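Let me begin by presenting the structure, written as structure tokens, before commenting on it.
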């Protein structure tokens with residue numbers, strides 16, 4: 001969706017700025033006539049894609065990517081036009097279009113063919129109505145199309161049976177004047193039919209065995225992946241438990257180590273506070289003692305002065 005918005009924004013800017021064809025961002029892809037098509041409905045066939053995209057040009061090659069095991073479409077494809085200018089129209093007009101509830105994403109691409117992949121017209125599209133009789137059936141395998149094998153081709157690939165060789169030798173070498181030749185040929189043909197049935201039956205068994213073996217390998221691979229995921233999850237859980245246990249032990253050891261230290265600090269603080277308090281009381285007492293002495297001396301001096309005054313007054317009275 002971000003790519004679609006970016007392309008639409010680029011086109012909008014070019015329209016507003018009246019950018020020429022040579023200055024357009026499409027000019028960067030003049031060397032390729034391929035486009036990437038994403039967001040395709042999964043039940044779309046190659047013919048459906050060609051029908052939709054042929055309105056902007058003539059497609060000459062299509063590679064709809066399919067699953068190798070199921071043969072189902074993965075929802076994206078690569079398409080080549082006969083004229084490169086058709087790619088600009090397809091990108092501008094079909095990018096962001098909704099088809100069967102899915103939003104198409106169309107963009108330029110530089111498609112690289114796989115090794116051994118021939119770039120031939122595999123679309124079966126003939127605008128002149130002449131048809132394409134060479135291609136009888138499409139089989140997708142990694143984006144490549146193959147011609148359907150005819151029965152004669154399959155027979156040529158199958159090795160000749162011993163009965164078939166004997167039948168050919170009988171027809172070719174036996175004397176035509178022998179009245180038993182027709183009967184012998186008939187018997188030999190029945191033997192050939194029986195041999196062919198046995199051969200086809202054995203080949204079907206082999207194909208079933210291969211399919212079963214492939215499915216068994218796939219199941220074993222899936223079970224192994226599940227086992228690996230389970231073992232990984234268990235190991236991660238064990239690691240998390242071990243880390244949590246280590247963290248708790250570390251926290252407990254730290255608390256055990258900090259508690260005596262804190263108690264010792266509290267005791268030291270209390271002892272220091274007690275000493276400071278005792279010192280303060282001693283200093284206060286020492287500071288208060290000279291004051292009391294001074295007061296005592298002053299009191300004594302005043303008492304002595306009063307006595308002297310009284311004695312003086314008595315003496316004056318006696319003299320009077």
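Every residue gets a Cβ built from N, Cα and C, even glycine.
Caution: TrEMBL annotation is automatic and unverified by curators.
TrEMBL has this to say about the protein:
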COMPBIAS  157-174  compositional bias 'Basic and acidic residues'
COMPBIAS  187-197  compositional bias 'Basic and acidic residues'
COMPBIAS  198-219  compositional bias 'Basic residues'
COMPBIAS  220-314  compositional bias 'Basic and acidic residues'
DOMAIN    33-111  domain 'RRM'
REGION    113-320  region 'Disordered'
Suppose you look only at the domain 'RRM' (33-111); what would the mean pLDDT be?
91
Helix, strand and coil totals (DSSP H, G, I; E, B; other) for the domain 'RRM' (33-111):
21 helix, 30 strand, 28 coil
Count the residues of the compositional bias 'Basic and acidic residues' (220-314) that DSSP assigns to helix (H, G, I), to strand (E, B) and to coil, and report the three numbers in that order.
95 helix, 0 strand, 0 coil
By DSSP, what is the split of the compositional bias 'Basic and acidic residues' (157-174) into helix, strand and coil residues?
13 helix, 0 strand, 5 coil
